[in-house]
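What Swiss-Prot records for this protein:
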- 23-92: region 'Disordered' (REGION)
- 23-37: compositional bias 'Basic and acidic residues' (COMPBIAS)
- 170, 176, 181: Ca(2+) 1 binding site (BINDING)
- 301-332: domain 'EF-hand 5' (DOMAIN)
C-alpha cells in the first residue's frame, strides 16, 4: 500500500499507512536510501576535479623566484611562504560534516544539555571552514548535504539508545516488552512512572505485531516519538513546574501543528489533567498524561483524514461509517 501524506491546517502531518508495521518498514527503507545517497555524494566529491586551480593566482614563492631570475639575482633566501587564510565564517555544527574522525571510535552519545550544543557551536564557529583535499568546501554543498547527514547521525544514535534500553528492560528475554516492563522504563520528570493508561495507549498505537506488547522495532519507533514530544513538553513548561497548565498545553498543540481553537484544547486538557498540587487552583498535566492526550489526538486526526476525501479539512461521512468510527474510537477513550 502506498503511503499518502496529507497537508492539513490541523494535525501533525501524520503519514497514513495500513498498519504501524508498514510505517516502520517505510522508515527503515527511507533510512537505507538516505545512507546510500550520502555514500554516493562522498564518492562524487572525491572524483570531481578541482576547477578552481585554473583560476588560482601564482603562489608567492614561485613568482618571487621568477622575478629575481629575470632580473639576474641569485636566490640566497626565500621570503616567508605564502599561506592562504580563510575567513572565519560561523559554521553550524550540524553542517560541519566534512571533518574526518579516527577509524574505530564509537559514535559519541547524544548531548543531554543545550549548553553543550551551544559550546560546541561556539568552538566550531571560531575555526576556518572545512576542507576537502586542501580546498575550501563550497557553501552550497554544506547546505545541501549537511542537514540530512546530521539527521541520519542523530537517528542512528536514537536507535542505539533505544536498542540498549529495550534489552535492559527485556527481563524475560523474549524480545518483547510487556506493559509492566514498559511502565518501568518510562518516567515523568518527577521520577514517577507512567500511569498504566498512558502505557496502554502507546502499546495500542505502536504494538502492531502482537496485542499487549511491543517488539524492538516497535519500541524504537515509540522511543523516537516520545522523545520528540518530550522536547515540546519541556519547551512549553515555562515556569519549570514539571507539569503544564491549560495555556501551556494549548501552546504545545500549536507547536505540534494542531491548529485548533483554545476551547477545543481546553476540553481535551480537562479529559486528562488532574489536581496534582494541593495548593494549586487548577488542573495540571504530567508528561504521561500529555503523551496519552497526543495519542488520542493522533487517532482522531487519522480517522478524520479517512473521510476528508478532498483534503480540505472537511469530512463527509455516512451514517453507517459514523457509527463504525465511533465504536472504533470508543475502544481508546481516556480512562
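FYI, residue positions are counted from 1 along the chain as it appears here.
Cβ coordinates are placed from backbone N, Cα and C, and glycine is handled just like the others.
Fair warning: this is a prediction, and the values are worked out from it, not measured in the lab.
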For the recorded Ca(2+) 1 site formed by 170, 176, 181, name the remaining residues of the chain with Cβ within 8 Å of the site's Cβ center, in chain order. 166, 169, 171, 172, 174, 175, 177, 178, 182, 213, 214
Just counting, how many other CB atoms are there within 10 A of the CB of residue 176 (Ca(2+) 1 binding site)? 19
Summarise the compositional bias 'Basic and acidic residues' (23-37) by DSSP state, stating how many residues are helix, strand and coil. 15 helix, 0 strand, 0 coil
Excluding its own, the Cβ atoms lying within 10 Å of the Cβ of residue 181 (Ca(2+) 1 binding site) add up to 19
Are there residues of the same chain, six or more positions away from residue 170 (Ca(2+) 1 binding site), whose CB falls under 8 angstroms from its CB, and which are they? 176, 177, 181
According to DSSP, folded down to helix, strand and coil, what is residue 170 (Ca(2+) 1 binding site)? coil
Can you tell me how the residues of the domain 'EF-hand 5' (301-332) break down into helix, strand and coil by DSSP? 19 helix, 0 strand, 13 coil
